[in-house]
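**Student:** My questions will all concern the structure given below.
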Amino acid sequence: MLGLIVYSRMTILIYLFILFNLTFSNPIPKEYVMQKLMNESTVILLQEYMRIDTSREENIESAVLFWKRQSSVLGLPFAVYRPAKKPICVITWTGLNPKLPSIILNSHIDVVTVAEQEWKYDPFSGYIDENGDLYGRGAQDTKALSITYLEAIRTLKQKGVKLQRTIHVLLMPDEETGGFSGMVPFVETEEFRALNPGFFFDEGLTSADGNLYATYQDKRPWQLNITLHGESGHGSTVPDGSAMEKLQRLLDITREFRTHQKRIMSSKEPMDYGSYTTLNVNIINIQSWIEQVGNDTEVSFIRKVEVSERTTLDGSNPYWVALVEAMRDMDLKIEPIVCPATSDMVEVRNKGFPAIGFAYRPYTLPRIHAADEYINIATFQQGIQVYANILKRVANLK
C-alpha cells in the first residue's frame, strides 16, 4: 500500500491540477444560482405575502392571518389592536431585560393601487425574472421590509442569539392613506405606551447607486379639500365666473408653484429633500391662490400636520451611534437625509420618540408607487443579514 501511494503521487497531483482548472474555467451557471435563490424559504415567504392584494381594504384581514401564522411558526406572541376599527398587528420577541425601552420595527400592510396595464408582470404575482428581480406592488413599499424584519429575527433566534431589549414588529393598516385608523390613533392608546418604546425603525428609501440612506425627519403632509363656487346659468349661455373657469385658474396657479419648486429642486443636491416646498411657502401661497381664484372659494384641511420633529443624529443618541457602528462593522456607510414624503414616523417623532427610516436597497431603481416595482432577491436576502447585525447592536444597548 505504501509503495502504491508513493507511486501514485504524480498521478494525484496531475488529477488535482486538472480538476482545479476545470472548476475555475466553468463557473456555476447563473440559472443555477437564480433557481437556488428562488427556492429559498425567505423568498417564497415574500412571494406569498405579496400575493395578498392589500391595495384592497377587504384583503387587510387576510394579511393579518398571514402574520398570525408567521408569529406562531416563530413561537412569538401575536396581538391585534383596533383603536379605530382597522387592525394593527404586533409581534413581540421579549428581551432579557424587558424593562429597557424596546426596539420597534414598523411597517405597513397596505399598498397603493395599481394600473395593471402599465406593468410587465402581474403586480400581485411575485414574479421573478431571469435577473432575480421580484416584481410586485409592495416590493419596495413596504412588504419586503416587513419580511426582512421577520427573517432577521428568525436568523438571530436560530443562532441562539439573546438580546437585552424587547423587539416589537408593528404592522399598520393604512399608512398610505394617512394613518387615520392606524398610527394616528394608536400613539394615543395605553396599548402603545405598554410597548415601552425606545427607538423605531421604519420604511426607508431605495437607491439606484450603492448609497444607503437614513431618514430622520419627514415632510409635513397637508391634504386639502377645495370647493369652488361659480355663477349658474342656462346651458346655452356662457356666464362669467363659472366654477370651471375658477378651477382652471387654480390649476394654472398650482402649476406655476410646481414649476418654481422644480427650479429650487434642480439647484440643490439630488438628495436634499428638505430644501423645497416648506410649510411657510405653502401658507403664503395657499392664501394667495384663494384670493386669485375668488373669495367665495372654500378651503378645508383633511390633514394638516403643523410640526414634524427630527431625530437627533449625534453622540447624544445612543441608538444612532449603535446603528452607525453596526453599519461600519459591515463596511457600510449610511447617509442621513430628510424623507421626501411622509410616513407614520411623523406621529412617532412628534410624541418624542427617535425614529430612523432605513431599508437595504442599494443598486435598485426607485419604483415606489410606480409600475414595475421590484426588489432583487439577492439584495433582499442581504438586507436580512444587515438588519440582523443592526439588531444585535441596537437591541443590546444597556
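Just so you know, glycine gets a Cβ as well, placed from its N, Cα and C.
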**Student:** Going by TrEMBL, Asp141, Glu203 bind Zn(2+) 1; tell me which of His108, His260 is listed for that site too.
**Tutor:** His108
**Student:** TrEMBL records Asp141, His369 as Zn(2+) 2-binding residues. Which of Glu176, Glu188, Glu190, Glu325 is assigned to the same site?
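**Tutor:** Candidate listed by TrEMBL for the same site: Glu176.
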**Student:** Quick one: among the recorded positions Glu175, Glu176, which has the most Cβ atoms sitting within 10 Å of its own Cβ?
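**Tutor:** Counting every other Cβ within 10 Å of each candidate, the maximum falls on Glu175.
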**Student:** Over all shown protein chains, what is the count of other CB atoms within 10 A of the CB belonging to Glu203 (Zn(2+) 1 binding site)?
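**Tutor:** Total other Cβ atoms inside 10 Å, all chains included: 23.
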**Student:** Near His108 (Zn(2+) 1 binding site) in space, meaning Cα within 10 angstroms, which of the recorded positions do we find among Glu175, Glu176, His369?
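**Tutor:** Matched recorded positions: Glu175, Glu176, sequence order.
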**Student:** Please list, in sequence order, every residue of the chain apart from Asp141, Glu176, His369 whose Cβ lies within 8 Å of the Cβ centroid of the Zn(2+) 2 site.
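**Tutor:** Counting only non-site residues, the set is Val111, Val112, Thr142, Ile368.
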**Student:** Taking Asp110, Asp141 as the recorded positions to compare, which has the smallest set of other Cβ atoms within 10 Å?
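**Tutor:** Each of the recorded positions Asp110, Asp141 was scored by Cβ atoms within 10 Å; lowest is Asp110.
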**Student:** Might you list, by sequence position, any residue in that chain lying six or more from His369 (Zn(2+) 2 binding site) with a Cβ less than 8 Å away from its Cβ?
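**Tutor:** In sequence order, the residues whose Cβ lies under 8 Å from that of His369 (Zn(2+) 2 binding site) (at least 6 apart) are Val112, Asp141.
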